[in-house]
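Below is one structure, written out as structure tokens; comments come after it.
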């Protein structure tokens, strides 16, 4: 009885347990479905977020490419064959024209293409894609750092904003690296467009690249440095035909390529000077006149040749004709060996006897006047305009003559001189130098000397023997002093500082006994004749033009 009663009860219990398990399974399925839904939404959200980030990254790269330029751009060809999405190779786009945001290139719009997306984006030239607010909040002290002081616009300027600092850095970089016009065929440079007025006053910097001239050219206004002279020894000027006797004269033609040499071997030689071959052009033999002096007229039309004779020669370069002139009417001079020619090429002044100075016209070759000193005449020098003549001699005084009135304007004692032996005047007429028989050279300002001030601005006493020859170069920055009595007796004076060049004469070199010296019209060459019959040639590096 008990067994039958327990059986239905156990069945009911099992039924309830099965029902409960079924409900639990349904609950778990519902919970599982909810979890799947949540996971799906989360996954979808993450994908959308990832796409948004990728889109933002693409936009940022696009802006960076537009503003700063792309160093490379991946190629789309072949991407369908790649599984990892990486580019097979890159194309260099660095040569694409870039326009910095600080340049003002006009108001025209420019279209730049994005090769990855195939989009065309129009941007406005000169406008920044974005502005960094932090730049305005930062201050930079450009006065405290040495390398940043060049960015100052005013001397007392110190703190500037970050944006201003960046703008000045960019402007300074653009100034140092202006670029080239030929590399950008679509660019047009207009005068006055640059913010730096100094760079556009003499033309655009790109004009330099259109020529084959030297980029660094020394202007005529450059000052020669004192101390050491930069020079090079070249092939002897008369190496093609050396003289058999002492060289008494060397003189450059006004075109700077033609040099004459003359000496006691009675030959007048012409050389074309290039510093390498120095080709001989012509040699003329004067049978009856050992040459003491020869010189071109400043206009280059004639050569005046003289010796220890009563006559002199005139050689016409165009006609290649020699004329023998003299003796001069009314004069009894036995020698016309020393003379000077005026800068206007109109007058020749000869040293005469007993203190007389003989003035001869270069056109008629006739005597046009005489001047008389108290002592003997030893040296002469014309002023720059040919209107005045300086003379010195045995009485130790310097005379200044007016050739228009044939009268002496002023005479003064040459300080420390008992006998003047050499005179020379600068081409600008501001200075003249007087040499003596004791090796003393006094340099005067002509205006002060004529005004009564007899004190020289400099006395050079580096030589101990008689001064035979002196010469200013074309810009009066160098004064050459020559004494023929001793070997290597040549000094070069730096006139602006009134000091002697320490490296001249050249060490360990033999100049023999120097006799004469001349500078080319642009002072690029210096020629010096010696008693051995050679004409030494030097290149002065400071002067670019011969």
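Every residue, even glycine, has its Cβ placed from backbone N, Cα and C.
What Swiss-Prot records for 13-23 (among others) is compositional bias 'Basic and acidic residues'.
Look at Swiss-Prot and you will find 24-35 (among others) tagged as compositional bias 'Acidic residues'.
The annotation compositional bias 'Basic and acidic residues' is assigned in Swiss-Prot to 45-55 (among others).
As annotated by Swiss-Prot, compositional bias 'Acidic residues' applies to 101-117 (among others).
Swiss-Prot lists 193-205 (among others) with the feature compositional bias 'Acidic residues'.
Residues or ranges marked as phosphoserine by Swiss-Prot: 33.
The region 'Disordered' annotation in Swiss-Prot covers 1-55 (among others).
What Swiss-Prot lists as region 'Disordered' is 94-118 (among others).
Taken from Swiss-Prot, the feature region 'Disordered' covers 177-205 (among others).
Residues or ranges marked as repeat 'WD 1' by Swiss-Prot: 242-281. As a whole-number mean, the pLDDT of the repeat 'WD 1' (242-281) in this prediction is 96.
Residues of the same chain lying 6 or more positions beyond the ends of the repeat 'WD 3' (413-454) and with a Cβ under 8 Å from any Cβ of it are 343, 378-385, 390-394, 396-398, 400, 460-472, 474-476, 479, 481, 483, 493, 495, 498. What Swiss-Prot lists as repeat 'WD 3' is 413-454.
Broken down by DSSP into helix, strand and coil, the motif 'DWD box' (389-404) contains 0 helix, 11 strand, 5 coil. The motif 'DWD box' annotation in Swiss-Prot covers 389-404.
Remote same-chain partners of the motif 'DWD box' (389-404), defined as residues 6 or more beyond its termini with a Cβ less than 8 Å from a stretch Cβ, comprise 347, 349, 355, 357, 359, 369, 371, 373-383, 410-414, 417-421, 423, 425, 432, 434, 436, 449-450. Helix, strand and coil counts under DSSP for the repeat 'WD 1' (242-281) come to 0 helix, 21 strand, 19 coil.
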